[in-house]
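What follows is a short report on a single structure.
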Amino acid sequence: MSVHKSEAKIITTHQLQNMKERGEKISMLTAYDFSMATILDAAGVDVLLVGDSASNVMAGHETTLPITLDQMIYHAASVVRGVKRAFVVVDLPFGSYQGNSSEALRSAIRIMKESGGHGVKLEGGAEIKESVTRILSAGVPVMGHLGLTPQSIYKFGTYSVRAKEDVEAQKLIDDAQLLQELGCFAIVLEKIPSELARKVAEKLHIPIIGIGAGPHVDGQVLVVHDMLGINKEFKPRFLRRYADLHTIMTDAVSNYIADVKSKDFPTEKEAY
Ligand SMILES: Nc1nc(=O)c2c([nH]1)NC[C@@H]1CN(c3ccc(C(=O)N[C@@H](CCC(=O)O)C(=O)O)cc3)CN21
Ligand SMILES: CC(C)C(=O)C(=O)O
Ligand SMILES: [Mg+2]
């Protein structure tokens, strides 16, 4: 018997840990809305990320910097309503956690309370140690994010491969180790050399999820609009397109327009 309206069947961080130990790869995709979340959850994706890439994909901004905590909560609450099984991780947006652990804790708690998400993701290592610690102390699962961290794009100036040099690679390894010691349940590694990602995944016991980090990690994440081919412009080497929805949607909409213009739609059967 449960006091909740449905049995709790959401994947746990403990199960994700077990998947790494068994060698079963973790599948993760972004989602920003209810309809998409419903489809991805029913298809069996293990983790849904309400990414701050919503800033680009949903709102049309150039970077992830403009999206607000309120907007992230709106997207996350919509995703949570579509989920029966997937673990929902929500990105803390730029400006909601950096350099102020009290604000970080407040932001994470707002996300948990107001969206019903299951955990949060923060970009960075040693610089955000206090924030990660305080959020974890509140019992909120934290996913780390190292390598290409888009919220600090203006510090680097490009979206090129990260940690190609030894010094940067060693800092990434140290940061990953630190995030594990603090108690993070998983880490995303974005756009780094395959061999470095392998080293981190072998060294750490928590799951390592890659995007442009090669095959030797414990799971993969992609932006769903990219892998479905809704976006046409974004085509980095790490992206595999599993559908060409841009063409499918354009054809469907063109057919609809033609049918409206030609008065083929609606027919009497489609009327009352
Ligand atoms: N649609 C979308 N997909 C993403 O994967 C994504 C976002 N948006 N927004 C937030 C971040 C930004 N990300 C990025 C952005 C650019 C590259 C990239 O490889 N860009 C260029 C290369 C640029 C360079 O080498 O300087 C490319 O080849 O497309 C990768 C990940 C990942 N995230
Ligand atoms: C690319 C993934 C890891 C992300 O952080 C996002 O979609 O915002
Ligand atoms: Mg993000």
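The backbone N, Cα and C atoms fix where each Cβ goes, and this holds for glycine too.
Take the 3-methyl-2-oxobutanoate site that TrEMBL assigns to Asp52, Ser53, Asp91: the candidate from Lys20, Lys25, Lys121 listed for it is Lys121. Look at Glu190 (active site, proton acceptor): DSSP puts it in a strand. Just so you know, the Cβ of Asp91 (Mg(2+) binding site) picks up 29 other Cβ atoms within 10 Å once every protein chain is counted. In sequence order, the binding-site residues near Glu190 (active site, proton acceptor) (Cα within 10 Å of its Cα) amount to none of Asp52, Ser53, Asp91, Lys121.
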